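Q: Have a look at this one before I ask anything.
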Amino acid sequence: MIEPQRIRRRPRRAVVVRAVLALLVGVVLGAVGPVSAAAAAESTTTPASPAARAVSAAVSTSPNESAPLVVLGVSGLSWTAVRELAAADDPLVAADAAAVLDYAAANEPVNLVQRTVGEASCPADGWLTLGAGTRARADASHLHATTTCSGGTWTSVARLAQADGYGAEPGRLATALEAAGVSYAAAGDGAVLALTNAAGPPDSADPAALLAGSGTGATGDRAADDGTAPGLILIDLMGAPDSGDTGPASAPTEPSRAAQAVRALAQALGELTGPARVVVVSVADPQDPSPQLAILPAGTTSTRGSDGGLLVGPSTHRRGLIQLTDLAPTLLAALAGRDAVAASGLSGGVLTLPTAPTAGAADPSASAAAPNSPASADRTAALADDAVHAVASEHAVIPVTLVLLAAALVLLVAVGLGLRRPRRGALGRLGWAACWVTALPAGIWLANLVPWWRAETWAPVVAALVGALGAGLLTGVAALLARMPRLGAPGAALALAATVPVVILADAAVGAPLGFNGPLGMNAVVAGRFYGVSNTAFALAAGALVVALAVGADRFAATRGHRRAAVVAAVAVPGLLVLAIDGAPQLGADVGGALTLIPALVALGAGLAGVRLGLRRWLGVGAVTVGVVGGFALVDYASGSRTHLGGFVAQVLDGTAGTTLARKAGALVSPFRSSPLALAALVVGLVLAVAVARWLPRTVRRARAGRGPYAWLTTTPAPAWLSPALRALAVLVVVEVLVNDSGPTMLLFSAAAALPALAALLLSGPGQASPTGAASARAR
């Protein structure tokens, strides 16, 4: 096969492009209709000739046939940009944007996750991903926000598809269409790139070729041979996939790029009057990581239904949000059925497209939300707000993480200093400070109840402040509980420690509305996870859970006759509930969390019950852990729901699991290579860990020998639950660092949740916060 040539920049010829596009759409889709009055005043498009109108008759479909599928692709266009352009001073730009909004109102608007491979997605990457049904990139340089977008050769595309670890097969959609006997054609460089597979580029790769011949204008083995339109037509309205995106130094401003996309889209939509099902998509924007615009035909349905008039994404489980990787299986299912999707190996979510042609802006009756209606405006406003929310979440994660870690560090230093010279009331105040830091993760999680993301550049600051206020409210409630005789300060501290796993896991059980796009949660920009229990969520919840279960089980067993049975029950019952939420495919879907949770809970229960775990027993625990997680994965695989649990089973069966494991291993270090703040936090954390590891044993030995400022602590016996809790925490952090792709950051989050909880519980214990007792102990 002759290798496809590297895609090169082509000079813009607006008049010629518009004329060719008008003829193309007229020939392929049907008779060409007039554009809007405002667009017609600006347009230089040549009307379709009578011959072209005659040829368009071949595209008509019978009532029993499905209309052909047309994908109109642009780049650099989000719902926020369209809404802003609709209010622009330029009447022509405003008219174009209004036309797009009207068309969206008659159909199904959604946000589209543009993430491919790396932090930035170039248009070429987006088109490749659309055609592969899996995340892919066109060039090795397409990774970071400062990327200079370019095209790529077939050799580089194929090599990168293997190296990136996503199991991408460039052109898999085209291969599946050929296997199903469905014809297809492409116009524009991006569309050609999407439908190029190992057999070469698609027929009719050049727009002019679609105009040649009879009927469809497409010729060759992949074109329809009966004079009808191809089943699938991809059109890149922006020309070359790198058009207008040459990097930050020379890229046009966002309004200019968005205005160009809106102009091309409005032009094409104004001419779509033939019987076709139309999918509109903005494949990528290297300058803006926010979700992009997409419009599906009216009548499109999702297996997860709809919410607030917006489709719920089958792979994201989120209202109005689908992934770019969902388009290939959706298009294939619409043309060849779901059996063809299963045979193709495409793993994205499948939406059900209607068989009838798409409703145009002039025919809003097919949609529940008519153009310019309040319901229509609410849908696009919600989508724009969701996109802003996603970007704000991505910007807030590192600053809010640093606030959380700094609060925990300051608390531990303060407690260390306070225990050296305990004064009347000082330890009590430290205890309540520890309670506030203990509640901080829950407060940050609850911050998503407030629209902090609308504060624009101040959003991370507002998120941290709202989280701090939420922690303060929880601490205030705990202070009220402490007045209850049966609870007291120890019970209130225990309630706060339990609040963190309760809030995070309850949120995950109902779809993670607080965790998704939250200050510390998963988001639609990074797009690693959209529901369930994220790595950050697990680390925080598990760290606090181990401490809360240790104290709670000890208190529960103290009132029961058979301590060992009581301890096992007190750990096992809530532990099994947490495991079910964390590991179930349709709830937490957390493989690494389930692998970590079982040995940590076993270590805790055995320590509290006084049972020693030798090597043979630990091997048994490991076997049970793998069996339980494997059971979750097999159930997911058999159900066909294919979260990443079931998806991994499919990869094991087809032999591609190794690439995923290699990518996960690489993810252990990638955050620290791409983010200076993350690297700085890791270095500081490691330095502190080494310092504490050297200081703590020496200080403990001196205290036990009756020397040093902490000697008085040895006069008060440690609670029975402390040693088992520390051992369980050690098991937790070791396993979670090894089996999760977040690596060392898991340790930091678990420590930030567990150590303040330990401090709060110890300082609130009987006699622990008594300066008088401390002073008398020191005197002895």
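Placed from the backbone N, Cα and C atoms, the Cβ positions cover glycine too.
OK, TrEMBL features for this one:
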- 396-419: transmembrane segment (TRANSMEM)
- 431-452: transmembrane segment (TRANSMEM)
- 458-481: transmembrane segment (TRANSMEM)
- 493-516: transmembrane segment (TRANSMEM)
- 536-553: transmembrane segment (TRANSMEM)
- 565-585: transmembrane segment (TRANSMEM)
- 591-611: transmembrane segment (TRANSMEM)
- 618-635: transmembrane segment (TRANSMEM)
- 677-697: transmembrane segment (TRANSMEM)
- 718-739: transmembrane segment (TRANSMEM)
- 745-763: transmembrane segment (TRANSMEM)
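I would like each feature placed in context: is it buried or exposed, what are its neighbours, and how far apart are things?
A: If you look at the transmembrane segment (431-452), the same-chain residues 6 or more away from its ends with a CB under 8 A from one of its CBs are 392, 400, 404, 407-408, 411, 414-415, 459, 462-464, 466-475, 478-479, 489, 492-493, 496-497, 499-500, 503-504, 507, 513-515, 517-521, 540, 544, 752-753, 756-757, 759-760, 763-764, 768-769.
Below 8 angstroms of C-beta separation, residues 392, 395-396, 399-400, 403, 432, 435-437, 439-440, 442-447, 450, 452, 487, 491-493, 495-496, 499, 519 of the same chain, each at least six residues beyond the ends of the transmembrane segment (458-481), sit close to that stretch.
Long-range contacts of the transmembrane segment (536-553) within the same chain: residues 438, 441, 494, 497-498, 500-501, 504-505, 508, 512, 515, 520-521, 566-567, 570-571, 574-575, 578, 582, 590, 592-593, 596-597, 600-601, 604-605, 608, 719, 721-722, 724-725, 728-729, 732, 736, 740, 742, 745-754, 757-758, 761, each at least 6 residues beyond the stretch ends and with a Cβ under 8 Å from a Cβ of the stretch.
Among residues of the same chain six or more beyond the transmembrane segment (565-585), those with a C-beta under 8 A of the stretch's C-beta atoms are 501, 505, 508-509, 533, 538, 541, 545, 549, 552-554, 556-557, 591, 593-594, 597-598, 601, 604-605, 608-609, 628-629, 632-633, 635-636, 639, 641, 643, 645-646.
Nonlocal intrachain contacts for the transmembrane segment (677-697), taken as residues 6+ away from its ends with a CB within less than 8 angstroms of a stretch CB, comprise 398, 401-402, 405, 409, 671, 744-745, 747-748.
For the transmembrane segment (718-739), same-chain residues at least 6 beyond its ends with a Cβ under 8 Å from one of its own Cβ atoms are 538-539, 542-543, 546-547, 550-551, 553-554, 591-593, 595-596, 599-601, 603-604, 606-608, 746-747, 750-751, 754, 758, 762, 765.
Sequence-distant contacts of the transmembrane segment (745-763) (same chain, at least 6 residues past either end, Cβ-Cβ under 8 Å): 401, 404-405, 407-408, 411-412, 415, 427-428, 430-431, 434-435, 437-438, 440-441, 490, 493-494, 496-497, 500, 535-536, 538-544, 546-548, 551, 671, 678, 681-682, 685, 719, 722, 725, 729, 732-733, 736-737, 769.
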Q: Any residues 6+ beyond the ends of the transmembrane segment (591-611) with a Cβ under 8 Å from its own?
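A: Sequence-distant neighbours of the transmembrane segment (591-611): 533, 535, 538, 542, 546, 549-550, 553-554, 557, 563-564, 567-568, 571-572, 575, 578-579, 582-583, 618, 621-622, 624-626, 628-629, 632-633, 644-645, 648, 720-721, 723-725, 727-729, 731-732, 735-736, 739-741.
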